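Asker: Submitted below is the structure of interest, expressed as structure tokens.
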Amino acid sequence: MKAMNVQEAEKRLKDLRAQITRHAHQYYVLDDPLISDGEYDQLFRELLDLEEQFPDLVTPDSPSLRVGGEPLAAFAEAEHAVPMLSLDNVFNAQELKDFEEKIQRYLQATTQPTYLAEPKLDGLAVELIYENGLLVQGSTRGNGLVGENITAQLQTVQSIPLRLVAQEGQEDIAIPEKLVVRGEVFLPRKGFLQLNEQRAKQGEALFANPRNAAAGSLRQLDPKVTASRPLRFYVYGVGDTAPAPCADLEQLFSWLGQLGFPVNSLIKFCSTLAEVEEQYQHLQAIRHELEYEIDGMVIKVADFALQQRLGNTTRAPRWATAWKFPATQATTVMTGVDFQVGRTGAITPVAILEPVAVEGVIVRRATLHNQDEIERKGLKIGDTVLIQRAGDVIPEIVKPIIEQRSGAEQPIPFPSQCPVCTSPLQRPEGEAVTRCINLHCPAQQLQRMIYFVGKAGLDIDGFGKKNVEQLLEVGLIREIPDIFRLRKEQLAVLDGWGEKSAEKLLLAIDEAKHPTLARFIGALGIRYVGEMTSELLTRHFSSLDALLAAEKEDLLAVEGIGEQAAMSLTEYFSNSENRKMIETLLGLGLTIETTVQGNSENNPLEGAIFLFTGTLSQMSRNEAKQLVKDRGGRVVSGLSKQVTHLVAGEKAGSKLKKAQELGVTVVGEEEFLGIVGRG
């Protein structure tokens, strides 16, 4: 990755966060992923690398701080006392060695840990809570902190014990007063094929793969439907090792098996990395012979004492990682290309493929990204192309197979007019993306509305893409302000609606009428203006009126605002139609919550510049940074004379000594909490 300055990094981070948030939502909430695991992993790794280089650009809700997706509203919420974290990934033997070296550096030891190597099942992670041996609650992983209570559904899975009973010959095993168990629910290949055959006969949509089928089965409100599906369960751990009379994972799995939990027979304990690699190769070789799908192998430090010393990051344990299998490839013919129009007018080419089965999934479409990517790969309509499912999920075109060309292939004609509104397209110099510049383009209007009500916008609960499309189709909304003109009697008569649905949406719309200035700016969907830029603007401009009155030079004076964002803001706010839309929104009752700049009550740390070093014991560093920012202060990553406070946690590094030499005020964690009013 080439070196970036702050402005370039800010722009790229904004784009990465938007993409990752969107795709995490598609994967974890909708069970409808749009990109491959490989592409997602690449985006996430780039985000982590950039945020490590530019820690001041880390936002409070960056995907790097999150554990994952979001719970569906259809089920009651279930909190996880111990978070169900994600796993970091390795992709080759060298990265596996790097994983072990990090462990040894962290432990400051050269001892060789024992590892557990287990198949990475392609199913749905669940948590089971037992009290006095009885299953009292079952839930999905959700976002890692809060999942969905699906107890009734999980009770129908035959391999999940409803009551813990010591197995024959193990009658002396004591049943713990409380036990939290975690594992994977999955659908075997045979059951998946039978289910899809049955759905085909009934004229129902087919499941794309066994994972989607398992997730869809567990998310049935009627447990009888779940009971009709041949779901299986394997245990892979516990939420808290305290109730288990075990020192390591080997003892734990033996104990769990004695209590009646199904334990995967393919787990293996390895004393060296060479054994771990050998097991990986073995699983890769036999994966297609198994009765269920796996997409890699999970590697865990087996010793619980070492696990406790290693601890976790905010999203993943340091003592475990996942080694995914390489992408699966196939060939097919690209029969055509569709061109889609995005929120900012970006034209995205999408390849139309002759249907081909890749690992049991029928692939029909794949993104081509942009014109440069098409030219770089030398793709033509009619080409036989090599496609892969990186991470065994979503397809991408790797390359055309030149040797199979017949001469009848045709160049891909990139349109000069918008495929939706027929307006001329433009491609600014130095950019890879071609755009429709007609603000009235129906496709852009649709995407802008979806963005405005979505997570990155006003976050109106229950107002999803399908709702927006339906309301546009029936003519109830034509522009963003129409959202706040909707009435109960209009919504209640629509297909799939009713009075309760209408009331629920209108209540959510009403609750969204008081956004912060930063959220409102972000919801407008202005190009180059994401969450971070919106936050920077609100620290400089005390109100929407002040921002609307700003000239380009005023915007450039804001630290962190670059030329592109300043130009985009100036163009947006100078457009009379955009100004009119904002005025209309305010007239419909939208009120913007603002902060008063320069007020010591609201911004007691205004003018203060903080730098953090070492480990904090009572909160994460990002939480501490947010406390400073919320009180008007700034946080930087480099030490200089301008820093007013160095907050030194445990194991403070060289910055502490340098700060003392520069005369910078050094405070401990307790003193810091007092400064921010949390002591």
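The count begins at 1 with the first shown residue.
Quick reminder: no glycine exception, Cβ is built from N, Cα and C everywhere.
Per TrEMBL, the features are:
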type: ACT_SITE; residues: Lys120; note: active site, N6-AMP-lysine intermediate
type: BINDING; residues: Asp37, Gly38, Glu39, Tyr40, Asp41, Ser86, Leu87, Glu118, Arg141, Glu184, Lys300, Lys324; note: NAD(+) binding site
type: BINDING; residues: Cys418, Cys421, Cys436, Cys441; note: Zn(2+) binding site
type: DOMAIN; residues: 600-679; note: domain 'BRCT'
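Burial and contacts for the listed features, if you can.
Answerer: Proximity of Lys120 (active site, N6-AMP-lysine intermediate) to non-local residues of its own chain (separation of 6 or more, Cβ distance below 8 Å) is seen for Ile294, Asp295, Gly296, Met297, Val298, Ala322, Lys324, given in sequence order.
For the recorded site, Leu87 (NAD(+) binding site), the DSSP three-state label reads coil.
All chains included, 23 other C-beta atoms sit within 10 angstroms of the C-beta of Cys418 (Zn(2+) binding site).
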Asker: Expressed to the nearest Å, what is the distance separating Asp41 (NAD(+) binding site) and Cys418 (Zn(2+) binding site) at their Cα atoms?
Answerer: 32
Asker: Looking only at the domain 'BRCT' (600-679), what is the model's average confidence as pLDDT?
Answerer: 78
Asker: In angstrom units, rounded to an integer, how far apart are the Cα atoms of Glu39 (NAD(+) binding site) and Cys441 (Zn(2+) binding site)?
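Answerer: So the Cα of Cys441 (Zn(2+) binding site) lies 30 Å away from that of Glu39 (NAD(+) binding site).
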Asker: Mind checking how the domain 'BRCT' (600-679) divides into helix, strand and coil residues in DSSP?
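Answerer: Reading the DSSP string over the domain 'BRCT' (600-679) gives 26 helix, 16 strand, 38 coil.
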Asker: For Cys418 (Zn(2+) binding site) and Leu87 (NAD(+) binding site), determine the Cα separation and express it in whole Å.
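Answerer: So the alpha carbons of Cys418 (Zn(2+) binding site) and Leu87 (NAD(+) binding site) sit roughly 42 Å from each other.
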Asker: Mind giving me a neighbour count for Glu39 (NAD(+) binding site)? Other Cβ atoms within 10 Å of its Cβ, every protein chain shown.
Answerer: 19
